Structures are given as C-alpha cells and as structure tokens.
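J.: Here it is: the structure, laid out below.
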Amino acid sequence: MAEDWLDCPALGPGWKRREVFRKSGATCGRSDTYYQSPTGDRIRSKVELTRYLGPACDLTLFDFKQGILCYPAPKAHPVAVASKKRKKPSRPAKTRKRQVGPQSGEVRKEAPRDETKADTDTAPASFPAPGCCENCGISFSGDGTQRQRLKTLCKDCRAQRIAFNREQRMFKRVGCGECAACQVTEDCGACSTCLLQLPHDVASGLFCKCERRRCLRIVERSRGCGVCRGCQTQEDCGHCPICLRPPRPGLRRQWKCVQRRCLRGKHARRKGGCDSKMAARRRPGAQPLPPPPPSQSPEPTEPHPRALAPSPPAEFIYYCVDEDELQPYTNRRQNRKCGACAACLRRMDCGRCDFCCDKPKFGGSNQKRQKCRWRQCLQFAMKRLLPSVWSESEDGAGSPPPYRRRKRPSSARRHHLGPTLKPTLATRTAQPDHTQAPTKQEAGGGFVLPPPGTDLVFLREGASSPVQVPGPVAASTEALLQEAQCSGLSWVVALPQVKQEKADTQDEWTPGTAVLTSPVLVPGCPSKAVDPGLPSVKQEPPDPEEDKEENKDDSASKLAPEEEAGGAGTPVITEIFSLGGTRFRDTAVWLPRSKDLKKPGARKQ
C-alpha cells in the first residue's frame, strides 16, 4: 500500500489512514498504521483511538490494521468437537460420503454443513446446560462458551449490565450534566486531586476530577458478599472513625462505616501485610460478638478491632487511595493529610528541621525519610512528627527552629600537644560550679590544657625569656582566669598565689627576694591590669649565662620583625609536671629550643 493518506469510511467522513513500511532495523518490512481525524489530530494505536472517540463509539469490531469492521463468524467449534466424539461408533456421515463418492465438490461441502446443523439441533436435547442467573434468579440454558471469570447472567441481565457499565463510564469521564456536582465549574483546591494537580484532560486517560465536581450519579461497586453481618447492616454505628470524622463542606463521604463493611473476602484478596496477630483474630472458630461498652476493653474477636473504640483525630490515619485501605495497619504506604490545614497547604520546605536536613537535596543522608515537620498535617499526622514535639524547648513555634547538630563523642577527641600553636586559640572560661570536676580545658581546635596542679610555661618565640605559671596549691581554691589578647592570639593566665622563677625584665637584680608591685608583662603582647588584691610574687635574679642567651635571642628576633609579627609569634604551651619549686635553669632539659628560631632563613624555606 502506498504511503499516502487514504479515506477511511468505517470511522466516518473526514477520517484518513496511512500505512508506513519500516525500511531499516530488525523489524524491516513491517508496517505501522496511522489515522488522521477531521481536525488534523494523528493517532497511532487503537488505545489512543478509543480514548479520542470516547465511550460513545464502540470499536470492538474495528480492525485497526486494515481499517474495516470485521464481523466474527458464529463459533460452534466446542460443540462440533463433542459431536465427533459422540458419533464415532455409528459414523453415519462417512457412509453417506462413500455412497455419493464420484460427485462434484459442491455436494462434498454441503455434507459437513448438514452434519453441523444436525449436531447443533441434537446437542441441547441430549446435553442440556441449564444455568441460574445470578441477578434475577431465573434458570436458562447456557451455550457453554462463556469464560469462567464472568458472572452467570441471562441475556437480558447481561445486556442491562453492559448498558449500565457504559453509562457509568460516561458519568466518570464527562458527567451527567444535571446533578449539583456537574453544575460546579471551579475546583475546590482542598481535595487530594487538586493538591496533587492531576490532569483533567479526557484524552490523557486518567480522568481525575475534583471530588466536589464528581458526578453524583456514579454508583460505586459494592464489594461485599451480601450474607455477612457487615453487608446486612443498614445503619451507621456512629462511633467508628469514619462516622466521627468531621465532614468537609461540599464533599461527600467516600468510605463506608466500619460496621457495614464485608467481613468475608477482604483479606483473601490481599497479597501481603498480614501478621500473626491478625491471623489469630481471624480464626474460623471465633464468632463475632457485639461490641463491648467503652469501659471494658477485652481483646476483640472481629477482624476490625478499630471499630470497637474510636481513636482521637490526631492518631487517626487518613487514607485517600481506596476503600479497602481503611483496614488494620499493613506494610503499604499511607497518606496522612487532610488537605485543608495550614501545614497541608504549605508548599515549601523549611530547610532547617531535622527531617529537611536529612533529605538529599539539603545534603542529608536520607535515613529518616519524612517530609518537613512544618508540612505535617495538623489533623491526621502522628503527634511525634509535629514540630511542637521537636521544638518543645523553644520559646514559640512560630518559625522553624535552627537545626541542632549532634556533638562528637568525647572518645573521638584525642588531642596532642605540638611544638607550635595555631594562630587562634578559643578557650572556654571555667565555671565556678565545677571546682572539683577533673579537668581538661580545650584550647582551640586541637590542644588541651593540663589539669590543675601542674605548671605551665609560656614560650614566646624570639622573646627574652619564658614565663612559668604553676597551678594552685589546693584543689579547692578557684583559679581566676583572665584573657590576654594579642594579635591573632588569646591565651589564659592563672592568677592565684604564684612563685615565678624568672621574669623578663631588663632591670638589675639584687640578691635576695624582691616583691613586684607591677603586673608581669610578656613582650609583644598587651596585658591587662592585675588585681591589686592578689598576694605578692617572689622573684629571683637571673644568671649571667642566661643573660647571654637572651641577648642572642633578641638579636635573632630583630632580624625578622615581620615573621615575629605573623604566624611565627605564636606561643608554645608545654606541660611541666612535678617541678615542685625547682629553679627554671635546672629544668632546661624539659624545654629544648629549636634551631629554627635562631635562624630566620630556615623558617622562610
């Protein structure tokens, strides 16, 4: 067939079809059929054609490949097979053929037709197939060609069922146009269909309408057996979650009362989601009992335990998928939202709660897998998911609280003392409540101050001499901490009663002891005034050998002033244990001085 548009009168005037052959690929030689409507829309499958024409046009007999209507021949194949088995011993047809052997082919063709007619006439008389209509209850003789999954209906009832189904499909897609729901022209914006923004186009095949605009003539199929107590109950109980649920204006209730639901066949259709407790409640020997009063709480024997005692609205799980979903909890997904509260109408995530920080789009590990706390439904969500539970310590829940990160465990913090400190040291002030607690104070990101009772030596690179600050004498005395801020440096000086072995001053010393009346100054760092109420500090004169070393250090520091003002000017904290009042010159082995300090060129390399 040529690849041009040809008229297709089977679909009506203006319809055209075209057959295109494939010229390459694994399916080379096969053809594809396309149809074009009078409005210019192109259709390439029978499914699209059915959606386009709607339920008014029946395409059961339409051959999409050829573009014609194919009327099936009468099917009598099963009856003919039965007649052959029945006519084997007598074989009257073959004797007739032998008698009329040398005749024309027309007579040979007429013989099987006469045989089949005789078989169809004798089959109902010899093997009647009576049946009972499931709808009206009358008995009729069936032909035995129907499939087992279809209901046994007489011809009149089957025709009524087909017409009813066709009408219901039209009501679901288009509507009747007469009821109050069909007269509504605007969506409510609160139902699940409006919130999910599902397509309303009929050609899409979804036909998702707003719940307020759904035709009232749509009849939902009753999935009950009609025999059990739930199917025979005609009135609502008034105390189940469905009956207690507040109605939404303009919307009708789509779920049955729990007491009116069928008790048979519900769990047999489920593929999973059944645990041992529910299996024990559905034992065949258990008989349904009337619901006990609210004061008593025995274990229910019915398969619907939630029907006996109503649950509060906050703990009620709202389902908007199917009628069967309002059963005891299974492992299937549920949707807990009303669609009308402020949380359900919120579109954006806060980005600061723990659920948002867990999402991959905010850099989380996707472990909790919950939506934003500020978008949890205020009516149907579980209480543990609401933001009020998460931010109880906050003053108010008006805005999303900041995200609190978990602190690292103390075992993972292993700090080692190095030869130099980082440029910035963040020290924590000691609280007076924890005087007896043990204790290592953190200094910056990777250093630890020693516990009380030990001596500290602060070395200033390039300075004239170090300053030694021993710990307090008694554990009960509280050390007053005072910050001394330098350029890019913050360190701690303890100011209890101190014995200083050596001070960096250029004055001449006299033998004996001297009492300082001015605060101790460290070169290169501004110091704060010392409390005048503190006790006096004893000092001893330096040795001449140490003065020579100090002069060398001063000359080395003058060669590189820029380096001393930068990162090289950071102090070195070294722990000296159990000095016990020893002179500082005797402990020179504890403080080895690096050669890099004396040679500024080595540091630059």
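Using N, Cα and C of the backbone, Cβ positions are placed for all residues, glycine too.
Remember, it's a predicted structure, so these values are computed and weren't measured experimentally.
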J.: Going by the Zn(2+) 3 site in Swiss-Prot, where CYS225, CYS228, CYS231 are listed, which of the candidates CYS191, CYS194, CYS257, CYS262 is also part of it?
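T.: The one candidate that Swiss-Prot places in that Zn(2+) 3 site: CYS262.
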J.: If you check Swiss-Prot for SUMO2 cross-link, which of LYS151, LYS271, LYS440 comes up?
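T.: Checking Swiss-Prot against LYS151, LYS271, LYS440, the SUMO2 cross-link entry points to LYS440.
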J.: Swiss-Prot annotates one residue of LYS16, LYS23, LYS277 as SUMO2 cross-link; which residue is it?
T.: LYS277
J.: An 8 Å radius from the center of the CYS338, CYS341, CYS344, CYS377 Cβ atoms defines the neighbourhood of the Zn(2+) 5 site; name the other residues of that chain inside it, in order.
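T.: Nearby residues not in the site list: LYS337, GLY339, ALA340, ALA342, ALA343, LEU345, LEU378, GLN379, PHE380, ALA381.
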J.: Report the mean pLDDT of the predicted model across the region 'Transcriptional repression domain (TRD)' (529-592), rounded to a whole number.
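T.: That region's mean pLDDT is 51.
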